[in-house]
Every structure is written in C-alpha cells, then in structure tokens.
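According to Swiss-Prot, the protein carries these features:
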- G7, A8, S9, G10, R11, M12, D33, G96, T97, T98, A120, A121, N122, M123: NAD(+) binding site (BINDING)
- H153: active site, proton donor/acceptor (ACT_SITE)
- H154, G163, T164: (S)-2,3,4,5-tetrahydrodipicolinate binding site (BINDING)
- K157: active site, proton donor (ACT_SITE)
Amino acid sequence: MNIAIAGASGRMGRMLIEHILATEGVSLSGALDLPGSPALGQDAGLLLGRQTGVAITADLEAGLAGADCLIDFTRPEGTLAHLAVAKRLGVKMVIGTTGFDDAGKAALAEAAKSIGIVFAANMSVGVNATFKLLEVAAKLLSTGYDIEIIEAHHRFKVDAPSGTALKMGEVVAEALGRDLKTCAVYAREGHTGERDPNSIGFATVRGGDIVGDHTVMFAGIGERIEISHKSSSRQSYADGAVRAARFLADKPNGLFDMQDVLGLK
C-alpha cells in the first residue's frame, strides 16, 4: 500500500514516516507540507537521517500522485483542503486531526460516500481499549457517581478539551443515555452552586512536552474509580494510523473509526 503523509515535517509527520519506513507491506509515496515551509524540496527522511527518495511538497496533486491513502494529523482547515483533493483523486484518508466543528464533520461524512475514511480522535490501540472500559464502567456506575474527565497535553496543542477527552465524554454520555452537548461542563469559576449530578465535567492542563494523559473519574460517596491512559510517545498513534490505512485497503468508501479497525464494535 502506498501512503502519503500530510504535515510531513511536524512531530507526528516525522513519526509516521519513520513508522512507514520500518513496516513491511507499506511504502511512502508522498509527503505534504504547508506552502512556505522550510522543509519543502527536502527528502522526507532528512530529519530521520536517511533518504526516502520522496521530496516534501506543497502541491497536493503531486504529493498524492500514486497514493492509495493519505494520513493526516494536521489542523481542521488543512485537513478539509486535503480532503477535497483526495476525494477528487480517489485517495482514501486516515484522519487524526481534532477540533472539527459540526460543518467540518459533515464534510467528512459527505466525502466518505465516495472514498474510505477512518476518522478517530485517537489512533492508539490502548486508548480505544480504554473507550470500551469506559462504556462498561459507565453502565455499572450509572447512579451515585459524579463523572469528571481530566486531560493534559504539551504546551503547543491548540484545541481544548482534546479530541480524545471529548470522545471519552461521548462514550460515557451515550452509555448513560445522555447528550454530551447538554450535560458537559467545560469550565468552573466563582460561586457555581452544587454540582449537577447529571453533568460530565472537563478539566484541561497544558504544559511542557506532555504527549497525552487522560483520566476519567467516577467519584462516589466513600470510593472513587479512575480509568486512565497515559501516552509516553507518539509511536502508538503512528502504529494505529498505519493499521487504519491497511484496514481501508478493501474499503471503497465509508466512514469508520478505530473501533471498526480493531473489531471492537
């Protein structure tokens, strides 16, 4: 399978390229970056200390030529621009970008009628196993427990709460028969009054080089259950993304997530 990478000079892009080069059955066919990036024209493996024969380009059509799938961990506006070209060229997509609004998500769903797309807030196998644990816990602890979600990421992350934290909230809310849009509390300040027992709270930490920590707390009277996932590197995201790309090999179209990829549905 031929795979192109968006954001090729970024932290996640470099990790994806390294993982593809080390994985049998897949090859790097294209590397995309923003216009004006100092990496344009360089070999995609330069920062990894090796040659790939693939030059980083801002030309979407050139970067996607010969690609079966594009892996994209960029920003919503960039991903949507890539999506339009990928759809036209028939290139499938694995999307790990977070921060989409409802219109952006609708655009992904529409494009998935024509091409196969895996869209997931987190590609880690461990995180997706955590989602299943949360579903079970929420059903067992449906009454008498207050639910709070705490997430921490590096200082460079631009959206909050994280897409993974929001997905955790959606999993818990769905298991409880609630709508996260109406029960989520994203900030508390001043005299807030007593906690609404049906609410799901979020707390966000940003600092340093934290790759990604997530904890869901079920706080009852006399006990507290915490389900946590902590990432120590982006390797697990890269592994999951390449796994998702291979999953799409025989999928002509459709919108999938990592639960589909891992057979957890």
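Even glycines carry a Cβ here, placed using N, Cα and C.
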Among G7, G163, the one of these binding-site residues whose Cβ has the fewest neighbouring Cβ atoms within 10 Å: G163
Coarse DSSP state, helix versus strand versus coil, of H153 (active site, proton donor/acceptor): strand
Which of S9, T97, N122, T164, all binding-site residues, has a Cβ with the fewest other Cβ atoms inside 10 Å: S9
Rounded inter-Cα distance in Å - T164 ((S)-2,3,4,5-tetrahydrodipicolinate binding site), T97 (NAD(+) binding site): 11
Nonlocal neighbours by CB distance (under 8 Å) for K157 (active site, proton donor), same chain, sequence gap 6 or more: R206
Other CB atoms within 10 A, centred on H154 ((S)-2,3,4,5-tetrahydrodipicolinate binding site): 13
Position of peak Cβ density within 10 Å, selected from the recorded positions R11, H153: H153
Pairwise CA distance, G163 ((S)-2,3,4,5-tetrahydrodipicolinate binding site) versus R11 (NAD(+) binding site), rounded so that it is a whole Å: 18
Between H153 (active site, proton donor/acceptor) and N122 (NAD(+) binding site): CA-CA distance (Å): 13
Integer Å distance between the CA atoms belonging to the residue listed as 'active site, proton donor/acceptor' and A120 (NAD(+) binding site): 18
